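Taken verbatim from TrEMBL:
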type: BINDING; residues: A:Cys139, A:His141, A:His197, A:His393; note: Mn(2+) 2 binding site
type: BINDING; residues: A:Glu173; note: Mn(2+) 1 binding site
type: DOMAIN; residues: A:221-311; note: domain 'Peptidase M20 dimerisation'
Protein chains: 4
Amino acid sequence: MHDDELVSLRRDLHRKPEPAWREFYTTARIVEALESLEADLDLYVGPEAINGDHRLALPEDSEIDAWYEQARKYDVDPDVLASLEGGYTGAVAVLEKGESPTVGLRVDIDGLPRIEADGEDHEPAAEGFRSEHEAMHACGHDSHATVGIGVIDAIADSDFQGTLKVFFQPAEEVIGGGKAMAKSDHLADVDYLLAMHVGLDHPTGEIVAGIDGFLAVSHLEATFYGEPAHAGARPEEGRNANQALATAVQNLYAIPRHSDGETRVNAGVIEGGSAANIIAEEARLVAEVRGETTELMEYMREKGTRVLRSAAEMHDCDLEVELGAEAPSATSDAELADVVAEVASATDGVERVLERDKLGGSEDATFLMREVQQHGGLACYVGVGTDHPGGHHTSTFDVDEASLRHGVDVLTGTIERVSLERP
Amino acid sequence: MHDDELVSLRRDLHRKPEPAWREFYTTARIVEALESLEADLDLYVGPEAINGDHRLALPEDSEIDAWYEQARKYDVDPDVLASLEGGYTGAVAVLEKGESPTVGLRVDIDGLPRIEADGEDHEPAAEGFRSEHEAMHACGHDSHATVGIGVIDAIADSDFQGTLKVFFQPAEEVIGGGKAMAKSDHLADVDYLLAMHVGLDHPTGEIVAGIDGFLAVSHLEATFYGEPAHAGARPEEGRNANQALATAVQNLYAIPRHSDGETRVNAGVIEGGSAANIIAEEARLVAEVRGETTELMEYMREKGTRVLRSAAEMHDCDLEVELGAEAPSATSDAELADVVAEVASATDGVERVLERDKLGGSEDATFLMREVQQHGGLACYVGVGTDHPGGHHTSTFDVDEASLRHGVDVLTGTIERVSLERP
Amino acid sequence: MHDDELVSLRRDLHRKPEPAWREFYTTARIVEALESLEADLDLYVGPEAINGDHRLALPEDSEIDAWYEQARKYDVDPDVLASLEGGYTGAVAVLEKGESPTVGLRVDIDGLPRIEADGEDHEPAAEGFRSEHEAMHACGHDSHATVGIGVIDAIADSDFQGTLKVFFQPAEEVIGGGKAMAKSDHLADVDYLLAMHVGLDHPTGEIVAGIDGFLAVSHLEATFYGEPAHAGARPEEGRNANQALATAVQNLYAIPRHSDGETRVNAGVIEGGSAANIIAEEARLVAEVRGETTELMEYMREKGTRVLRSAAEMHDCDLEVELGAEAPSATSDAELADVVAEVASATDGVERVLERDKLGGSEDATFLMREVQQHGGLACYVGVGTDHPGGHHTSTFDVDEASLRHGVDVLTGTIERVSLERP
Amino acid sequence: MHDDELVSLRRDLHRKPEPAWREFYTTARIVEALESLEADLDLYVGPEAINGDHRLALPEDSEIDAWYEQARKYDVDPDVLASLEGGYTGAVAVLEKGESPTVGLRVDIDGLPRIEADGEDHEPAAEGFRSEHEAMHACGHDSHATVGIGVIDAIADSDFQGTLKVFFQPAEEVIGGGKAMAKSDHLADVDYLLAMHVGLDHPTGEIVAGIDGFLAVSHLEATFYGEPAHAGARPEEGRNANQALATAVQNLYAIPRHSDGETRVNAGVIEGGSAANIIAEEARLVAEVRGETTELMEYMREKGTRVLRSAAEMHDCDLEVELGAEAPSATSDAELADVVAEVASATDGVERVLERDKLGGSEDATFLMREVQQHGGLACYVGVGTDHPGGHHTSTFDVDEASLRHGVDVLTGTIERVSLERP
């Protein structure tokens, strides 16, 4: 694909962003783009691409349905769309060009529930491809999907010998889709897995060969159930869900640090009670814990659960804890990162190659990386620099479209190289 | 008025309940009922009845306007309605039958923002006068307004000598209207003030001559403003509004008890943060403090404000505290309560008279009571028992309409008696 | 006894104060004074005066023994002293002068562990009767014991018909002796019980006929057992007793207020950990809860225990809670207080009689009062005003010795009067 | 020195351990040992060895004096002893054998305030050199001092060219002496600095060439001053120091984690209040904060100070915070550690050489290391394995005396080597 084709595809996806598990138009548009390539691909779509039983952090049905109805208004293949109904989004494209090796490339495709900026200095607005939805590609997944398609096209036309699988993964933003894709059968024979992300504060022309420092993460949603009472007339008859929650929040942040490595905790969302004069009957807390390793995350989760339980007990409340979405930690294999670094150094437009950088946050690509590593394969998460005016997840985020080509070239080059070096 | 007229009026008001500062239909309907009496009344409506500058706990303009528009669809005097626009509700009816004394009767008229039960065992539903609004007379103010009108009618037809003023007060449920009415000029010459409430767990046939134990109350609305940050990647960059709030809640309940009498505190509503992985940027707390005396409430408010301020400071957050609605404490004068008790004992249908009972909660009738007491008058808050199937403020609350007559007779008798005893 | 004898006895007791359960010299000196009266008394001393199994808040044996050894140096009856060994202090003196009624008078005799002031403006220092011990009569119990002896002497010489029992109770300051005395057999036939206290901010010449507002009280001693760990090297291996304690303290004060009446809570003493760099292995908390009624105290104790338990659980600590000393609430009977008031009004030197006043604190005379009331008797706690330069429990506390006579006269008069009025 | 001389010296020091800033006998004994060597040394003792103005964590004068008096009973040079009076302990020995380089060796010499085990299975007890003091060499500093003397002796007898300075540093256990030694003039010309520690869970025969992971540390001692009040009678009059402390402890542990690296916090010692029924007037907290870097420690200290201040403010208490002892982080230079590793690999008795290990805790050798590094020198902290039956700081700690020789040989070899390699 030419640069202008990449740009055009990316802009089309940018115009119609869809949040996690609602990537109906997006998946259908990706399938359409893949089918238009001159390549002999096997396509697995929706329930054939993911293991539907392992979808995490699913939104309400009504939410899913509303976005599905919206997608039906667009000019996309109705059969493809129908197969995605109910939130079975995503796709896997397979290109067989030889026995071995099997190389995987994972790109994510979802947007964020945020309104895009509309100022004249925001290029998508100025150039007419601002989001038409109540959502926004504020993290660059539109360019990830585009690079994925660009790589297949390039590999189809190359000397690569082996099998290439491109994973168009849904629901990364809620760390909800990685597990479903990892638990599909498509990862079983993958020898090398590449994943990619644009930006991350690296400018256009910079490549990070192997990103590390993925924190394992787990969400906890706790609801405290107390007993309402009139706060003036009968304070002693209440069982105060707000007090339970406050005690929990104070003690969650105070879970001991761990000498094995970094841990995190956040009581991100709190909500409780109905009126100033009523002892709160119900209070809700959405929290998350993280760890530099999966074990450290589990340490935090176990301690956090104890805090929630004891805080409920202290104020005589009942407690429901739902463990929500979750992702393990993972590491980029040095052996594979070295190949990326070599290729990148020789790629047009790449001015600087960093061997390593730390993500600091979490990513559910780790589910796929570990799946591959556990059966003996190698995995590497590659950073493709791009100048981005606003920070990730902000309303003024945008990518420098020059980096689409860098992404395609570095990944294609790496895929070709590993097929050559394989005995 | 005959019993059936009282019932009919009460049911009409019950059908169209309106919450605080939105009693447009209600006020107009009261005015209509007053005008239909064979009595020579002076009527003060809306801005002439209350001191608009002292309205507390006003809802958003859009809320006020929506209920105003709804009221305009009903068959009430458009001029009366127009005079209430913008949330200037309530009325004062004055009946002059002699020089002195001036006796006041305060009744409140607002409903609650709650959906009424619709089961067959809920009489208003069974009998066809269930609320047609997204609100409900779940505290009996429909019967208070009805009794107020009944008393004027009875006094007009009695030997009473002096002036009777009936205060149809809006916005009691949010302790928002008492001050506005007390700060009008209408209280200045009142020698005796009576207020009334139905129910309060007293059965039909029981009268409480003088209710006491009004807790002074004040609302505090606090907003903590922090700084968002990614909880995984940059936890140290956040200023955590949820942590500040939790620290505040823990310490609010821990304000020292006071040896001068009862105090209360409640952090009734909490809400903060936007996502599990973001350090909360903003958190909001709706709290209230109370005291057996106004001084005790002020003690709690001062301590509470200190807690909020220090909790914000601890987590490096900014703080906005709005002191919301407020009501003082008050006491029923024994001299006047004794008259009520005597009259009640001789009233048909009254089976039991309690001299005193304790409210336990708060009421902004206290503003009017203190206004009268401060210039040397006497005030008394009378309880009129009524069997109520559900508790006050619940969706199955209802009154036994027999108590309408008890209310009218006891209050009318008391008003007559004080005019006789006055030298 | 003449005034100067009362003064002389009081000063002797003042010089040798002994704290709770260590009143060895004090008891022996009281016995000596009783024996020197021209009255035919039955004396019950030490284990015969109290029920030793119900002694609360006993100090360490070594403490008891040290004070016992000190007492042995004084010129008191060695046999009396020997009978008190091991902390069985106190005495009961019985004077039989007729069949009925039986009237009891309870006075307490212990000092406080505090060093007495030695300034020239402190009368005991100036006049040479300052404490010679590491303790002080900083609450006037020296004058209580003196009044008790004065009353027996006066009654012996009066027309009183019936039986008088004077209870010289130990260990009031730790609410430790009341129960032991109440559980002796001596209360079983008491028809009227009087108790007394000097001062309480009432000046010389003022009598409070019936004191009320005794808060029921209970002590809780909690120890949190955690696991030490190096705070730098292995923070995750600790189980932090200091954190558990801090969580408990925060939540103890936040136990909901109760609409039935006053409650109190105090985490008075805290102590935990061994070094800055070690996660605290053990932490100790001495707390108390109170209530206007015994039920309210029990409400606080049950909630408090829950808080302690949950705080331990939250930080994975073990917990030991010891319920310590305890006293119920009680009420002065109006019937008996009326007699006191009448007598007091006619007593020389008494300038003002208050019918009622509130104690606000706790007192274990309530054990005796309830014992008598439960079998149908009447009880009353009398306040005898005295000018006191320093507050109770401070190092400059002292009594105006004129009030000794007031106490003797009012109590003697009351005892005579009830014997007359008894049919 | 022969092995038996090393052992004998170590056992003598072991018998008379002295805690921080009280190493009177220890310093004098070290000076005696140095003077008995056949070497031409310059000795700097007490105030000449350290900068007295920078002594941190000094004990009470009475404590210092008591240990000084004890030391005066021993057979040591009274002039040396006199020069140490007031807690100016420690020594520096300088051996000049050529122009350059200057190599430093830092050993620490203080014991711990802990009673040594006396079971037969504890070798110092069995062999008769158990501590005779209320202190114990429970961290092996007796062997450190011994190795220091052994190294000087060996270097005196070697081909080494340059200057050797051995720093016998006091008060490491309270991180109190490092700064005072670093701020003396003796470090100014040091080109290479070695420090050493035995054990640290490494067995006899193991050498760690370069230890890292020193956490910067700072102590905070906070005192909350409130107002006492009777918890039953006047709870509102108190200003509760215990509540302030509890709020502080809860929030100290909840200081946000930092993405730049490890942080620590511990509220190790708490103490407050005087009686169950008195609102606590005063409460004291001994805490520490640490960071992987000095900056991270300072982040924690600043946040911690804010927490203390706000907690005091919340409960209307006054606050005094004393910043106590403190040590920075530091890193062993790879260049120097490589030399140690090489030498160790060729040393008799050394079976295993680790290049790096992490300390996890804190050490004030870092003051000296940074002093040297800041003027361009190299520093390295060497671990000398020793089998130790009990853990460091426990009553059964002991060293395998075979490791004395390993320490002397590895350090001597390294010192020789750097003098050869220096151009």
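From the backbone N, Cα and C atoms, a Cβ is placed for every residue, glycine too.
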For the recorded Mn(2+) 2 site, enumerate neighbouring residues of the same chain (Cβ within 8 Å of the Cβ centroid of A:Cys139, A:His141, A:His197, A:His393, site residues themselves excluded), in sequence order. A:Asp108, A:Leu112, A:His137, A:Ala138, A:Gly140, A:His144, A:Glu172, A:Glu173, A:Val198, A:Gly199, A:His392, A:Phe397
Same chain, 6+ residues apart, C-beta under 8 Å of the C-beta of A:His393 (Mn(2+) 2 binding site), given in sequence order: A:Leu112, A:Arg114, A:Ala138, A:Cys139
Using Cβ atoms only, which residues of the same chain lie under 8 Å from A:Glu173 (Mn(2+) 1 binding site) while being at least 6 residues apart in sequence? A:Pro19, A:Ala20, A:Asp110, A:Gly111, A:Leu112, A:Cys139
Mind checking how the domain 'Peptidase M20 dimerisation' (A:221-311) divides into helix, strand and coil residues in DSSP? 33 helix, 29 strand, 29 coil
Taking only same-chain residues 6+ apart in sequence, whose CB is under 8 Å from that of A:His197 (Mn(2+) 2 binding site), what do you get? A:Gly140, A:His144, A:Ile211, A:Glu363, A:Tyr381, A:Val382, A:Gly383, A:Val384
Set of same-chain residues at least 6 away whose C-beta sits under 8 angstroms from A:His141 (Mn(2+) 2 binding site): A:Val107, A:Asp108, A:Ile109, A:Asp110, A:Gly111, A:Glu172
Cβ atoms other than its own within 10 Å of the Cβ of A:Cys139 (Mn(2+) 2 binding site), all chains, total 27
Can you see whether DSSP assigns A:His141 (Mn(2+) 2 binding site) to helix, strand or coil? helix
Segment-level pLDDT (mean, integer) for the domain 'Peptidase M20 dimerisation' (A:221-311): 96
